[in-house]
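Peer 1: There's a structure below that I have some questions on.
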């Protein structure tokens, strides 16, 4: 741990406690107040000497405002978004900013007004933002929803009539893992001014009762509504919570707070700041806290003196000078953007080149919440080698003005430092310890000067750069280069110039192709990188440098009207980034349910309004209990080792630490496992318990663990090489594979590699254990998909009966399989502590902890050999499948099995042999994830189809269609396909998506563009519905009817955003014949419905729905005589009559799935109850020079039977698809060679964001299909997992575009593309002349910086 020590209360510095706070006596009249004053949701708050380390998020949650959530603690997900309002006296203006409460220091909000989600509305009286998000299906699990609502609310407070573009951009700092974003955007756009692109003749509406399109529809014209039209509340800005008048009179004063570990100063003038910095040279300056907050939280740095500089007016000034822009260094980046925009108007066009470059990279700098508080000074002083601004400062001759107090005279002095001289090493600069960065001078560009900025990241919005650049060139009248400045980030320890390349072009003619060729060669020579270079991606990073320069060369040529010949017509299309259009969506779903009144309706999620108002309770929202303690895990720091000893002495000596427990303290069994009992409760992890989270987590670092390291295995390939497998050997054989391969006209072999995926549910694993006073009873509140397993295993670990433990789940903030088994270890550890300490214990894992220990989607490797006839019919397949199970078996065998059963996807092969091996490695134990191995199996199948079609020179779509299963054929696991609709769906989506027409258009586009390529893919899917473990296919329910006619239902499923409870209530209301609002569901609990199966496998609506229906049918039969006798009476009166006749008004329902039961040894029996089917057609565009891509359009058609709730099912389709897009494009899980996880937070693990979804997103459900063999509840189908694989249509469209890029270079090699197709993978796969020139070869002694496992 690094500490900067500085005596604070020291007589030599003349700091003494005074009556009015802290007085400083040494030439300056400084009186520091020690009271923090601000407003919270309209209420004045005063806090004496607040703790400097407390964040705004911690504070608001501690006072009961739990709608604001912790999702990542690094400002990367937006779940903690609140709005802070402040008054600027100099401009007489109130500003409203969305900020990340997880990073905002509580001490920084003096004199401001904080508004949380609770401050804008509630369930009874929601704000229009809340109402529209809820009613237009924009909330599923709901954990992210308050933060999303607050981002939109903040936009509206500043701009009540935003454009659709502004609305889409306002969410760039927010993530949602459930919805797929489209319904949120649709809800938000109801606040927008009608788009200029709004086509009144297009037959879709936005959901508003006053939709502009309704006014333009002639009589008799069909009009498809996305939603039932809703009369929303009007948005009236005059009704908003006012800015407190007293704060408009507020006069900032210096503040001083002293805390447990650090001290905090808030000066309010430059002189005060310089004085404090002269006295405490090692003090850390804090403004937005976007860097310091992460350093203290995750890097464990400690700054015992912090000076907040966010309220110093002199650091926020700006001035348009004749020769450039002079700004205060501490202006926030959002304000900086406004100033730069004004500069474009103030100066002549030729003077604004540098300002435009800064604006370009500020577009993509973090998210709104970060830009609202981060500053240029923070970027410059931090000196990150991948800063988005520093390359532009470096290439533009920007000047930095440093100020300090002269030590003897106490007079302020300053010096100007050119940007070229400022950075001296990795995050180091020439700033003296007593100096601060006061001003920044950005010169105007000269006549003939061209400046451009570039950035490439894994995701366009809110992502750190892989490489960025600020490129500038000054041309004379003959287009000869007078000056050149090429600055790059991500190519060294600091932002660097390319002096050799700059010198090379001086005096040479811009536009000369020989000069360009020489310049690119010089850049390759100048930026030498090793394969093992920190940050990895050596070849890609060099390629980006060349690619940026290539774009710059042609962009300047175009701007200077230089004729270059070869790409004149194409320049406009490749010199910039791929710009997105405003997204739009269509949902044509459902069929008339004439025989039903509640089932089949598009009812919004019944918790949505509670979620969007912050009233919905999650595990960590439960109020703190008397005597409650906090638990923190001590995690292994080695991938594979023996523990030689553990010493917790120092940790236990810390004030507030109440206990430390390890394997020897487990009262029952220390062994557990969901299938194979191969895990220990305490081995690689122990647990501390303390009074607060901060104390517990600090104590973790004081526990000393001594290891003896052992060799470790991380990847599938390493496991195969070392024969490291779990004792699981699965095999499916159908037909005679050897004979089929022998008879085939062609035999192809290949290998398919598929990466893992982090669940990234927004709510991390969380548990509260409450020991009871008597009978050794325990109450568990857990964010789990598996309450019964939690109950049973905790009982085993404590050595007590399960009947003394109840596990309760109100709702969870997303699960996706990651809380099916991996939620249990946290409950086990806390239960041991609660057993010994007899106190309630709580823990919610930090995001990095969750990712480190909770496991992910399994990486897969498929090795295949396939025989095909000359007319393109599959004849034989021999496939070996390996998955990376991690250090324990968990559910990996079942995941492997499902992968094996889905490796056919939708294609018939008469002879198949599938073998599966489960690799044992030393990474986290991988686990269930939406699709459960099915998507990996289908990904292997589709790669096979693509690669074989290319090798045979045939159209892959014809190849797919020719080999689709037909009704009645048997799969390789010998299940007869019934109600088989894939051929129909495939044809329908091909027609609806205008596939053939667009194929021709894309081919034409590709023939005309070398550096931009488009691709098109049409991918089918079938997904088997049932647990493959037979006994799990059962469910129970309990239904009570009370005397007032209200109904309470309980069932075994967990609500995690999928709308399960809403569907169950619909089924109950429909079956009982009562209004939906009279039926209620409190929670899932093991003392209400026993022996439940985990909520997983997409069957929860099927099995729990039937259980609820069966219970309701029992009650309906009991009430039938009274309804017949009393036809005109209310339900309440009927219930009373039955009660007085002593009729039981409570019933248990039970259901077990019929017909199923597969025998792996014999390859017989029915594996799945039915299949959910679908297809997706996707068009993408890629930037060949960077590997960037965008999804232009996606059409999806799903066969979901007769839905219980079409709105919820559409949400599942869209959410699963976007999660699938993430899996196969930008979500790359990486490990260091020592086994540590690299991608353990949103900073370097990227989910799809709001602007990563298809620009044109169309959803259809199959209509008028017949289901003679479907035996599900109301003929519905499970839909949670099946659409996820359709996200691979993006992957295969990208592959199609890469294929075209290769063809442009006469490269006919088959594209073998590993998943995920990140920008790096896409760029390298294009395999053009630039790639070849930038290739960094791996030397024998080198290892990769990070690994795909």
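Here the Cβ of each residue, glycine as well, is placed from N, Cα and C on the backbone.
A quick note: this is a predicted structure, and the numbers were derived from the prediction, not measured.
Here TrEMBL flags 34-120 as domain '2Fe-2S ferredoxin-type'. Per TrEMBL, the feature [2Fe-2S] cluster 1 binding site maps to 72, 77, 80, 102. According to TrEMBL, the [2Fe-2S] cluster 2 binding site annotation covers 141, 144, 176, 178. The domain 'FAD-binding PCMH-type' feature in TrEMBL is assigned to 257-447. As annotated by TrEMBL, FAD binding site applies to 285, 286, 287, 288, 289, 290, 291, 292, 365, 388, 437, 455. The feature Mo-molybdopterin binding site is assigned by TrEMBL to 785, 816, 930, 1097. Taken from TrEMBL, the feature substrate binding site covers 820, 898, 932, 1028. According to TrEMBL, the feature active site, proton acceptor maps to 1281.
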Peer 1: Taking the centroid of the Cβ atoms of 141, 144, 176, 178 as the [2Fe-2S] cluster 2 site, which other residues of that chain lie with their Cβ within 8 Å of it, listed in sequence order?
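Peer 2: Near the [2Fe-2S] cluster 2 site, beyond 141, 144, 176, 178, sit 139, 140, 142, 143, 145, 177, 179, 762, 813, 814, 1057, 1215.
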Peer 1: Grab the pLDDT values for the domain '2Fe-2S ferredoxin-type' (34-120) and give me their mean, rounded.
Peer 2: 96
Peer 1: Among the recorded positions 72, 77, 144, 178, 289, 1281, whose Cα is within 10 A of the Cα of residue 816 (Mo-molybdopterin binding site)?
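Peer 2: Among 72, 77, 144, 178, 289, 1281, the ones whose Cα sits within 10 Å of that of residue 816 (Mo-molybdopterin binding site) are 178, 1281.
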Peer 1: What's the CA to CA span in angstrom from residue 437 (FAD binding site) over to residue 102 ([2Fe-2S] cluster 1 binding site)?
Peer 2: 26
Peer 1: How long is the line from the C-alpha of residue 285 (FAD binding site) to the C-alpha of residue 785 (Mo-molybdopterin binding site), rounded to the nearest angstrom?
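Peer 2: Their Cα atoms are separated by 44 Å.
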Peer 1: Other residues near the substrate site, CB within 8 A of the CB centroid of 820, 898, 932, 1028?
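Peer 2: Counting only non-site residues, the set is 817, 891, 894, 895, 897, 928, 933, 934, 1027, 1096, 1097.
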Peer 1: Could you check which of the binding-site residues 77, 178, 820, 1028 is the closest Cα neighbour of residue 289 (FAD binding site)?
Peer 2: 77
Peer 1: Say we define neighbours as other CB atoms within 10 Å of the CB. Which of the binding-site residues 72, 102, 141, 176, 178 has the fewest?
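Peer 2: Each of the binding-site residues 72, 102, 141, 176, 178 was scored by Cβ atoms within 10 Å; lowest is 72.
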Peer 1: For the C-alpha pair, I'd like the distance in angstrom between residue 144 ([2Fe-2S] cluster 2 binding site) and residue 77 ([2Fe-2S] cluster 1 binding site), rounded off.
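Peer 2: About 8 Å separate the Cα atoms of these two residues.
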Peer 1: Near the Cβ of residue 287 (FAD binding site), how many other Cβ atoms are there if near means within 10 Å?
Peer 2: 24
Peer 1: Count the other Cβ atoms sitting within 10 Å of the Cβ of the residue listed as 'active site, proton acceptor', across every protein chain shown.
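Peer 2: Summing over all protein chains shown, the residue listed as 'active site, proton acceptor' has 28 other Cβ atoms within 10 Å.
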Peer 1: Kindly report the helix/strand/coil residue split of the domain '2Fe-2S ferredoxin-type' (34-120) according to DSSP, in that order.
Peer 2: 14 helix, 33 strand, 40 coil
Peer 1: Just give me the nearest neighbour of residue 365 (FAD binding site) among the binding-site residues 77, 176, 785, 898, 1028, Cα to Cα.
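Peer 2: In terms of Cα distance, residue 365 (FAD binding site) lies closest to 77.
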